[in-house]
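Take a look at the structure set out below.
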Amino acid sequence: MTDTSLQAALRAEHLSKVYDEGPARIQVLDDVSLTVARGEMVAIVGASGSGKSTLLHILGLLDVPTSGSLVVDGTATEGLSEARKSAVRNRSLGFVYQFHHLLPEFSALDNVAMPLIVRRMDRDQARLQAREVLGLVGLAAREGHYPGQLSGGERQRVALARALVTRPACVLADEPTGNLDRQTAQNMFELLSRVNRESGTAFAIVTHDPELAARADRQLHMANGRLLPG
């Protein structure tokens with residue numbers, strides 16, 4: 001089902017996630033509601049184990065909540081088959097992680113083009129679109145280099161380009177600067193901010209870094225499975 005009146009990139013309402021481990025009942029998310037508007041950058045901060053990554057996995061349709069509802073780019077996700085979830089994820093979401101997960105045997109250009117090739121786009125057209133996005137992240141001159149020939153910051157920029165190449169409504173980023181030194185991390189966050197402004201893509205970013213989070217449009221704090229204003 002698609003709600004054409006919904007203008008949010010993501011809308012989650014009353015999400016909970018509970019794990020039953022023998023007699024123990026572990027509540028990881030507790031009545032979490034979150035809306036990410038189109039073009040908005042939202043930062044989610046909190047200690048390890050507070051539920052941030054679990055929330056991001058649910059928002060990314062990589063996990064299911066125990067209760068609650070999620071609408072991604074106008075599509076209600078409750079009850080969708082795995083194939084349909086995959087289609088929504090591939091159409092509307094991009095992902096950036098702390099580790100870049102680039103394929104070492106492919107060039108930067110082909111790593112970025114891969115999501116389009118998987119969609120059966122013509123290879124030349126996929127490379128053309130990938131080349132445009134590499135230019136957006138400042139790596140046009142490095143398109144022929146392999147991951148092992150790139151710096152840590154460059155590899156993360158390639159990963160960002162790969163997340164953007166399908167033109168998603170929202171990019172979900174889990175500690176995207178966590179594996180970078182301070183200066184490179186600041187450069188990466190400035191790039192995220194610029195791409196957010198120029199492309200209109202929404203971002204939901206999980207980070208431990210309050211200084212970086214403060215640059216987002218809105219900052220939220222996760223504690224004990226609950227989401228609070230920053």
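These residue numbers are counts, starting from 1, taken along the chain as shown.
Each Cβ is built from the backbone N, Cα and C atoms, and glycine gets one as well.
Fair warning: this is a prediction, and the values are worked out from it, not measured in the lab.
As annotated by Swiss-Prot, domain 'ABC transporter' applies to 10-228.
Under the DSSP three-state reduction, S48 (ATP binding site) is assigned to coil, being neither helix nor strand. If you draw a 10 Å sphere around the CB of S48 (ATP binding site), it holds 7 other CB atoms from the protein chains shown. The ATP binding site annotation in Swiss-Prot covers G46, A47, S48, G49, S50, G51, K52, S53 and is backed by sequence analysis.
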*Near S53 (ATP binding site), how many other Cβ atoms are within 10 Å of its Cβ?*
19
*Write out, in the order they occur in the sequence, the residues of the chain not among G46, A47, S48, G49, S50, G51, K52, S53 that have a C-beta within 8 Å of the mean position of the C-beta atoms of the recorded ATP site.*
M222
